[in-house]
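Undergrad: From TrEMBL, here are the annotated features:
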type: ACT_SITE; residues: GLU95; note: active site, proton donor/acceptor
type: ACT_SITE; residues: CYS129; note: active site, acyl-thioester intermediate
type: ACT_SITE; residues: HIS264; note: active site, proton donor/acceptor
type: BINDING; residues: SER221, LYS269, LYS273; note: CoA binding site
type: DOMAIN; residues: 13-186; note: domain 'Hydroxymethylglutaryl-coenzyme A synthase N-terminal'
type: DOMAIN; residues: 188-469; note: domain 'Hydroxymethylglutaryl-coenzyme A synthase C-terminal'
Amino acid sequence: MPGSLPASYVATWPKDVGIIAMEVYIPSQYVDQAELEEFDGVGAGKYTVGLGQARMGFCSDREDINSLCLTVVQRLMERNCLSYNSVGRLEVGTETIIDKSKSVKTVLMQLFEESGNTDVEGIDTTNACYGGTAALFNAVNWVESSSWDGRYALVVAGDIAVYATGSARPTGGAGAVAMLVGPNAPLAFERGLRGTHMQHAYDFYKPDMVSEYPVVDGKLSIQCYLSALDRCYSVYRNKIQAQWQREGLERRFCLNDFGFMVFHSPYCKLVQKSLARLLLNDFLSHPNPNLESGPYSGLEAFRDVKVEDTYFDRNVEKAFMKASSEMFEQKTKASLLISNQNGNMYTPSVYGCLASVLAQHTPQQLVSQRIGVFSYGSGFAATLYSIRVTQDATPGSMLDKLVSSLSDLQVQLDTRKKVPPAVFAENMKLREETHHLANYIPQGSVDDLYPGTWYLTCVDDKHRRYYARCSLDEHGPLQAGPINCVTTS
């Protein structure tokens, strides 16, 4: 076929390209979802049970998308003792846009100034919650291409998810994830195993350029998410079965072939429904499922349903959630740690779920596992792909270092400051009123920020933003950023 790669060239590709290191940043304050239910005057359990959310992290006006990404990148570089000269590509995935021209990536280049390294490819990638995945794919493709110069690629996914007062507000959150990409990785991307679906829809979008808030069609958004999952899974399953056939292996792919399955998580209950939906897809595509025992027992009544008619079928949903409950406990529940405790981070959401799995398992439990990853962004774009964990789990191995670096995730979540819902609402109102203001000094306190956190010091009369970094010493003074801000009246 024209354009295809001869088999003789495959051996020249770098081996096991994937994620070498990860860093997660979440805000230092949160609101309790049960308290928010009472504050909002909704029924008890609407957010905690109906959505599956316990806490929601949020940012004051002291943090924006630039500061989140500055923080997570510097933390990753420092924790892994990396030189900024070792990075040849840096790409940001975000939908939190504060400038219609200048990329977040260019702001991050301030961190590279001391090293003198300006030879760094990549800019920002945007499409709702899918931007982080697109940036990650670009990084992997760069390492596997003739453009690669032997250095690492660095991918940053970050967002601040805020909603207007109403039913969507408890599905917010904020945070950033940075990932170091290169060859011989402990989390290697499985080549050729991606199922993608892209389509036009107005399920969630941000047409108002002066507001942080999106326009959301909740029911349509769920339908788009589930339909994309169906189609991506079908494409992925066909590709891996074709790959197996070429290797002389005649068997069907099913959900059990994933050791873990992580999803983009707008809210936790949708993830549980999504795993059940994959089981539904397996059931409907199987030529002769066992209806007497195993996960399909008692499901004969649903044998002839059409998958496209089941998006809001409560009977199908209930039956397959019950049938997949054990799989959920084994394959997916651990991935919801950050999502449940911090909320929806948009582009970093699915990678927060991946980090949650790594943080709660030992290298020995992870070794050689296939991890399925479903990434969805409204509008809409989606991909289901898989990562293969290395076979080396020995002490000091790359996998051991990666898992160890994420072992403090629970501590990060537990040491945050709980804020009353009224104070949370005041912060949202402040962000709403000051969004894109020029000649503005943020009002939020910096006292509660984590050591090493970057924060916004001011926006001058030309909309230029300036930042400083909290001292790494918890009891030390605040350190000035690279540029001081002078404001005019």
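The backbone N, Cα and C atoms fix where each Cβ goes, and this holds for glycine too.
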Undergrad: Out of HIS264, LYS269, LYS273, which of the recorded positions is least crowded by other Cβ atoms within 10 Å?
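TA: Sparsest of the recorded positions HIS264, LYS269, LYS273 by Cβ contacts within 10 Å: LYS269.
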Undergrad: Around the recorded CoA site, report the further residues of that chain (criterion: Cβ within 8 Å of the mean position of the Cβ atoms of SER221, LYS269, LYS273; site residues excluded), sequence-ordered.
TA: ILE222, TYR225, LEU226, PRO266, TYR267, LEU270, VAL271, SER274
Undergrad: From the recorded positions GLU95, CYS129, SER221, LYS273, pick the residue whose C-alpha lies nearest to the C-alpha of HIS264 (active site, proton donor/acceptor).
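TA: Smallest Cα separation from HIS264 (active site, proton donor/acceptor) among GLU95, CYS129, SER221, LYS273: CYS129.
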Undergrad: Output the one of GLU95, CYS129, SER221 that, of all these recorded positions, has the highest number of other Cβ atoms within 10 Å of its Cβ.
TA: CYS129
Undergrad: Please report the Cα separation of LYS269 (CoA binding site) and GLU95 (active site, proton donor/acceptor) in Å, rounded to an integer.
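TA: Distance between the two Cα atoms comes out at 23 Å.
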Undergrad: Across the domain 'Hydroxymethylglutaryl-coenzyme A synthase N-terminal' (13-186), what does the mean pLDDT come to, as a whole number?
TA: 96
